[in-house]
Amino acid sequence: MMDIPGEIAPEQIVRLEHDAVVVLDQRLLPAERAELRCRSAAEVADAIRTLAVRGAPAIGVAAAYGLALAASTGDDVDAAYATLAASRPTAVNLRWALDEMRPDPTAARARRIHADEVERCRRMGAHAAPLVPERARVLTHCNAGGLATGGYGSAVGAIRAAWEQGRVERVWVDETRPLLQGARLTAFELETLGIPHAVIVDGAAASLMARGEVDVVITGADRIAANGDTANKIGTYGLAVLARHHGIPLVVVAPTSTLDPAAATGAEIPIEERDPAEVSERFPAWNPAFDVTPADLIAAIVTEEGVHTHPFAESLPAPVRAR
Ligand SMILES: CSC[C@H]1O[C@H](OP(=O)(O)O)[C@H](O)[C@@H]1O
């Protein structure tokens, strides 16, 4: 794999030290690179809740480190588990990672979970790249890069792998209101990777598609139900409807730690509602952080196990077990 100058290493995104879980504070990127030291599971939960660390796999990894920290400092592990599990409701990776850690809440197991998530991203990138047409103009939403997965990235990992195969002409980056994960984080990562890109306001995606400027839409996910219904950042469903209208494939890239076989359909996926002040300091607002895209609007779901197509209830693999 090519080393990319300036790429943020997995241990810079989130790591466990002897007395703290250290996260790169993504709220300050790209203007400032500052670390946040979380000295308890409660402080890790706060970092997840405030999106200092965010992205489904990355919050799972941070929670795994938080449980290992609690165990190493003699704190009540069950209480730490509950505190971390309650930090954000939608990304199933959070509960998956905590469940993987619970029988053996050690630093070594948490680090294994982190390393495995990054390796899954590399495998997903390799599976997804051939789905990207030659000279593709790719549209992506929110941030599903290394910052969101603890390294390499899921949707951005797929874009990176396709770029390295010469398949990408440019990337349209939805700014992704209200917290601008696209404009702040995805654009930053693509700049670091040297991949041509342009930030657009979320409302511009429709016109780009109508002008024939988009060949494929690639996103990450926060929870995928057994039938393939997919929860992702708010606005993804609208993109899916637009893509279907314009005959453009939507490809979801997510590790098996994002699969939730206990949710039969998207109706069972809890959707986080965040502080309306993130949308408007002055006026009333409604601020759901995610929406659900029905499986029939998704062309393919790519996990580290491969490319899965309809019917997803039969093609999706079981969630992975930590090694
Ligand atoms: C690869 S998971 C990224 C996923 O998480 C983001 O949400 P948030 O920034 O609120 O954690 C968004 O839904 C991304 O697609």
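A Cβ is built for glycine as well, from the same backbone N, Cα and C atoms used for every other residue.
For the substrate site that TrEMBL gives as R54, G55, A56, R88, N232, K233, the extra residue drawn from Q165, Q181 is Q181. Geometry remark: N232 (substrate binding site) versus C142 (site 'Transition state stabilizer'), CA distance 9 Å. Highlighted here are the binding-site residues (A56, R88, Q181) whose C-beta falls below 6 Å from ligand 1: A56, Q181, in sequence order. Cβ atoms within 8 Å of the centroid of the Cβ atoms of R54, G55, A56, R88, Q181, N232, K233 (the substrate site) belong to the same-chain residues I59, A91, C142, N143, A144, A148, G220, D222, A289, F290, site residues excluded. Maximum C-alpha to C-alpha distance over the listed substrate-binding residues R54, G55, A56, R88, Q181, N232, K233 is 17 Å. Most Cβ neighbours within 10 Å among the binding-site residues Q181, N232: this distinction goes to N232. Comparing R88 (substrate binding site) with D222 (active site, proton donor), their Cα atoms are 11 Å apart once rounded.
A56 (substrate binding site) falls within a helical segment according to DSSP.
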